[in-house]
């Protein structure tokens, strides 16, 4: 077993840097060129709707106003847990006119942290080269629709994803393992899926910690906000119509795909008949990946599955494509064909499609003209990608297990440094033709 103080070093490949640099430049250029950045209701610098709703939720808590009875910013209803309103209280420290740009800047930093944490979960040591690669991936991903929409609306999904990634990167015996999942689920219910994934991986302590942390968020808000807590858990929680009809094109979940195909509400029995087996299969696959040491792909599959089986998933919920992209680039360091998968994923999730009217633009809602060729593919693109990921994971697990990486030791003892200095270098990892891990010199 590899010691905890061992880390792999990202291979030095000019071709990788040039490819990522070109993609980053193209992504940022398209981010600003596809639409006037200051265009109302569409431009990347003219958004911030959701973060103002978050801020309004905190304001209502501070001023003892009802969270779920009255509409919030721009007449929209507050749909998050009452605990989330407590979390959003610090947003009141930011002036109203500056909150949009400040939150976008913070989201970009969190996106970078997600990319860097993904590399760390793959066993890489943080070097200048890795930081540079992470910056380029971060910039390139700004044109991915889930990320672009997250930045535009000022969503919180990147923060929740970072919490979950941090949680799953804790050692199995850590008392903190499960804390991040519980807190993120207390803010937004979708991460509750990871409690089940911990159970599937027989991580009983982590599952219990996550569940108890989630319950603690409910208990805390019941004490601080008893009226709103009662309203949410006895009424608002069951009102899925507060979000949008499940047949809305923006619903990028299995239930949404069914509704799109039948051109109406998805039958509950049919949705459950499909979603439950898919969730069980995904948990089994995630557990198998974790046993093989593929922790990043395991938790990423969990994040994608949570989006797929959820009753309603907006496009910006699918930010889990970002760690999937990092994983594909990692694989491509040892076998070039993985670049095809990474490129196909990027093209498929890029923010190409917008709906224009003379006075309004729709971004990230998949409100596309019904006469467009391949409209069903475009309306269900994330579900299709998810199903392809499931197939790919099955194929990966059926293949021969890759040879383990023997990473370079971080700050080894002096005697070991001398030993490394006097012996000839030995190539490990990637030496076998069937081993697609990056090659390194030990």
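A Cβ is built for glycine as well, from the same backbone N, Cα and C atoms used for every other residue.
Taken from TrEMBL as is:
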| type | residues | note |
| --- | --- | --- |
| TRANSMEM | 14-33 | transmembrane segment |
| TRANSMEM | 102-119 | transmembrane segment |
| TRANSMEM | 126-145 | transmembrane segment |
| TRANSMEM | 151-168 | transmembrane segment |
| TRANSMEM | 180-200 | transmembrane segment |
| TRANSMEM | 206-225 | transmembrane segment |
| TRANSMEM | 268-289 | transmembrane segment |
| TRANSMEM | 309-329 | transmembrane segment |
| TRANSMEM | 338-357 | transmembrane segment |
| TRANSMEM | 377-397 | transmembrane segment |
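In this chain, the transmembrane segment (377-397) lies out of contact with the transmembrane segment (102-119); the count of Cβ pairs under 8 Å, excluding pairs fewer than 6 apart in sequence, is fewer than 3.
Residues 9-10, 12, 16-17, 20-21, 23-28, 30-31, 108, 111-112, 115-116, 119-120, 151, 315, 321-322, 325-326, 329, 346, 349-352, 364 of the same chain lie 6+ residues outside the transmembrane segment (126-145) yet bring a C-beta within less than 8 angstroms of a C-beta in it. The recorded stretches the transmembrane segment (151-168) and the transmembrane segment (309-329) share 3+ CB pairs below 8 A when only pairs 6 or more apart in sequence are counted, and are therefore in contact. By the count of Cβ pairs under 8 Å, the stretch nearest in packing to the transmembrane segment (377-397) among 180-200, 268-289, 309-329 is 268-289. Listed as Cβ neighbours of the transmembrane segment (206-225) (distance under 8 Å, sequence separation of 6 or more from its ends, same chain) are residues 61, 67, 81-83, 85-86, 167, 170, 172, 175-179, 181-183, 185-187, 192, 194-195, 198-199, 233.
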